[in-house]
Amino acid sequence: MAEERVRAGAAVRERAGAAVRIGEGLRAYGLIAAMWVRSTLAYRTSFLLTALGHFAATGLDFLAILLMFSHITVLGGFTLPEVAFLYGTSNAALGLADLALGSMDRLGSRVRDGTMDVLLVRPVPVFAQVAADRFALRRLGRITQAALVLGWSLTRVEVDWTPGRVLLVPLMLLSGTVIFGAVFTLGAAFQFVAQDAAEVQNSFTYGGSTLLQYPPAVFAKDLVRGVTFVVPLAFVNWLPALRLLGRDDPLGLPGWVDFCGPAVAALMCVLAWLAWRTGLRNYRSTGS
Amino acid sequence: MLYAAVAARSFRRYATYRIATASGVFTNTVFGFIIAYTYIALWTERPHLGGYDLPQALTYAWTGQALLAATGLLMGGGMDDLQERIRSGDIAVDLHRPADLQLWWLAADLGRAAFQLIGRGLLPMAVGTLVFPSALPASAATWLLFLLSVALGVVVGFALRYLVALTSFWLLDGAGVSMVAGLLCMFCSGMVLPLNVFPGAFGEVVRLLPWSSMLQVPADVLLGVHDGAGVAGALAFQAGWAAVLLAAGRLLQSVATRKVVVQGG
């Protein structure tokens, strides 16, 4: 009995060690982010314009969808509120991930110009520094816009709301955010090798969220397979949304797959963490 | 001669970033696929929407991806440097050079665009044509007219971005204006959806604005939408906007250099 307690105590302390490191990272992230927020707010007009710009930039995608629906009533078997639901969930998830980790695509330029080295000698977790670098509050624009569209769609979609279905929506957003966050991290880890390929990352993040705005039936089956099994973006919103809206998925997967979002998100985190660690350990300075 | 050298150096400058170009090609191709599939869904529901049949609509989508970097349909597009020079005060050095500021930057932008068209445009277009039905013209004359139209579109795009960059003389941080200008450009050029799909009078107004020179007009020239006189009219439309906007840039430039105190000077 006592022995068990001792062992449990050691495990708790070990976990506490990890928790302390994560805590330090979060604290550092918060401080750096707060610094960037202050610096952004120094040019207030420009901040407001860029925040509005982000709001409008994402709004343009939705305007395109509205323009399409001015000519049609269904797209890929989905009505406008249903497409708006896909749009809102994918953009909210991307927006949250982008707010937290969106600056990570600058890692390549840091490796190129040698400023990466500065981050390595500071007594602060490198990940927190890279993630919080140039923290851009204006990205709230995308999140606001996505939330508005999502809110509107929720009042219009025909869903028989049960407690389980209601719970599925925040769960989708959370696992979606984590999946996109992992993609941002994987992209950054790739920059250690590629250095000058930040746009590839955009294909998977911004491109991915554009893809997820439209019903899966719009796309070729191989493409849907790709974003289900290779880069599992389908778990951000397609699969749970199909469940919620009572549609079958085009790949005919078993029903329980629709609820795998959190598990997929956790798996993606492990992969991203491994990739990040490998990238950082193999990093060699430019030497200039 | 000087300006030709500037253009050539600018071409080579962008050609240096090979990995960035490759990753840009990848991105344009990925977005091309996504947009192409949504157009297929849209045009299957409403055949001949906006006067295009499905192959034409798909070719339009890929033309957009091919011209995206060249005509600068998104934000930035090479004018960030000028903005930064104005903000930092380095512009004072440029103003003392025995070269015209606007022509200098136009030459640099033409060099940039030429590289982007070849480096980032050709491959996505080729992929799109191989994978999807397409309505590319067989006649060399149409292709030549298309290239001429693209060149005019590049000049219009430059003239617009030059105006935006000059606002930095007054605002110092031009990020906000650039962003708003970029959005206008994306929407009004036909990048979001072809402008002929825009409904009613709104659509007609948007087609008359300068931004349509940057994608809609070249794409229509490529797709053979216009007849002979129509093509001439389309090119004249672009040339007209180019002239007006370049003149406006020149005017704003002279106002800026006369009355603005350069930072750090």
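Glycine too: its Cβ is placed from the backbone N, Cα and C atoms.
Long-range neighbours of the transmembrane segment (B:19-40) within the same chain, counting only residues 6 or more positions beyond its ends whose Cβ lies under 8 Å from a Cβ of the stretch, are 54, 57-58, 60-62, 64-66, 68-69, 119-120, 123-124, 127-128, 131-132. As annotated by TrEMBL, transmembrane segment applies to B:19-40 (among others).
Here the transmembrane segment (B:60-79) has long-range neighbours at 24, 28-29, 31-32, 35-36, 39, 52, 105, 108-109, 112-114, 116-117, 119-122, 124-125, 128-129, 132, 134, 150, 153-154, 156-158, 161-162, 164-165, 178-179, 181-183, 185-186, 189-191, 194, 214-215, 218-219, 222-223, meaning same-chain residues at least 6 beyond its ends whose C-beta is under 8 angstroms from one of its own. What TrEMBL records for B:60-79 (among others) is transmembrane segment.
Feature annotation from TrEMBL assigns transmembrane segment to B:117-136 (among others). Cβ atoms under 8 Å from those of the transmembrane segment (B:117-136) belong to residues 14-15, 21, 24-25, 28-29, 32-33, 36, 40, 53-56, 58-59, 61-63, 65-70, 150, 222-224 of the same chain, restricted to positions at least 6 beyond its ends.
Residues or ranges marked as transmembrane segment by TrEMBL: B:142-163 (among others). Sequence-distant neighbours of the transmembrane segment (B:142-163) (same chain, 6+ residues past either end, Cβ-Cβ under 8 Å): 67, 70-73, 77-79, 82, 102, 105-106, 109-110, 113, 117, 181, 185, 210-211, 213-215, 217-218, 221-222, 224, 231, 234-235, 238-239, 241-242, 245-246, 248-249, 252.
Under the heading transmembrane segment, TrEMBL lists B:170-193 (among others).
If one looks beyond the transmembrane segment (B:228-249) by at least 6 residues along the same chain, the residues whose Cβ comes under 8 Å of a Cβ in the stretch are 102, 106, 145, 148-149, 152-153, 155-156, 159-160, 162-163, 166, 210, 213, 217, 220-221. Under the heading transmembrane segment, TrEMBL lists B:228-249 (among others).
Beyond the transmembrane segment (B:170-193), the same-chain residues lying 6 or more positions past its ends with a Cβ under 8 Å from any Cβ of the stretch are 64, 68, 71-76, 79-80, 83, 86-87, 157, 160-161, 164, 206, 209, 211-212, 214-216, 219, 256, 260, 263.
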